[in-house]
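Student: What TrEMBL records for this protein is below:
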type: TRANSMEM; residues: 6-22; note: transmembrane segment
type: TRANSMEM; residues: 34-55; note: transmembrane segment
type: TRANSMEM; residues: 75-100; note: transmembrane segment
């Protein structure tokens, strides 16, 4: 019962949080500094999620040449910088990762 209460409570909290900023009739507006600050939230969160996966795939630091996560992430960064196309870079780097996992 407590788990369902937490799920419903978090759902209500997320809905209200989105509603306040997306409802055009509400007079609440963020300043340009706040909007600029929130622009860093997504890259920071993705880095916090992906960093341990890339650098610690076996629960210990692995910076060796046979770490497919590290090599594939470097290839993904290179593809994004070269192509400037997110979808193409994601698909190619995923294909490279699966080939590398199969080969190593």
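Counting begins at 1 with the first residue displayed.
Cβ coordinates are placed from backbone N, Cα and C, and glycine is handled just like the others.
Describe the structural context of these features.
Tutor: Long-range neighbours of the transmembrane segment (34-55) within the same chain, counting only residues 6 or more positions beyond its ends whose Cβ lies under 8 Å from a Cβ of the stretch, are 61-63, 69-70, 73.
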Student: Going along the chain, which residues at least six beyond the ends of the transmembrane segment (75-100) come within the CB cut-off of under 8 Å?
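Tutor: Same-chain residues near the transmembrane segment (75-100) but 6 or more away: 68-69.
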